[in-house]
Amino acid sequence: MRQTDNGTTTNNPQSGRPRCTTADQDRAITSAISANPSSTTTTIRAQQNLSCSAQTIRNRFYQSGRHGRRPAYKPELTECNMEHRMEYALLYADKPPSFWNTVIFCDEKTFSTDDDWMSWHPDIKVLPHHPKSPDQNPIEHIWAAMTRRCAQNNDNQRSRSALIRNALTAWEELSKPEGQALTQSVVASMPSRLNSVLDEGGGHTKY
């Protein structure tokens, strides 16, 4: 016990919501997920007899320094899809990293490509990226990294403002050396990604 400033050994009132799991439960959560990575949070909660939320279980795992992995989403590819992927790879597989450093990657339609807009920006070229090619878009790795950082920064507050704060913090961390190293690494992987498409005949790759 530690004597407090008020001359007693009682705990002073503390601010903030108390943790809903104990240290032993935190270790049990981490061990259970590590032993069976395909386990769902519902299963873990039932096995460990926990009353906390699924998000809390995920938070405890992330806070332990581990990272969960979702199975990679691989859209169904038709023969036509594979042909288009091959065409794109043949066009750009030999481009150097300096070329990819000038490309803006996005995973949603956030830029208009109508004739008027393009006529005002003749210096901008839209690459013929195939829509069913998440493995050819390095921004997927950036969003995954941001999701992990948001989970690590989660303080069990579920309000909209807390979500925005965590998202902004995660985004700002990308400008730090570690974040910059990640973005540079995934962008530099574009030649390898496209060569993998060629190796697989337009099919799915490891990315």
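Glycine is treated like the rest: Cβ placed from N, Cα and C.
As annotated by TrEMBL, compositional bias 'Polar residues' applies to 1-15. Look at TrEMBL and you will find 26-93 tagged as domain 'Transposase Tc1-like'. According to TrEMBL, the region 'Disordered' annotation covers 1-23.
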Quiz item: How do the residues of the domain 'Transposase Tc1-like' (26-93) split into helix, strand and coil according to DSSP?
Solution: 41 helix, 0 strand, 27 coil
Quiz prompt | Averaged pLDDT score, the domain 'Transposase Tc1-like' (26-93) | solution = 82
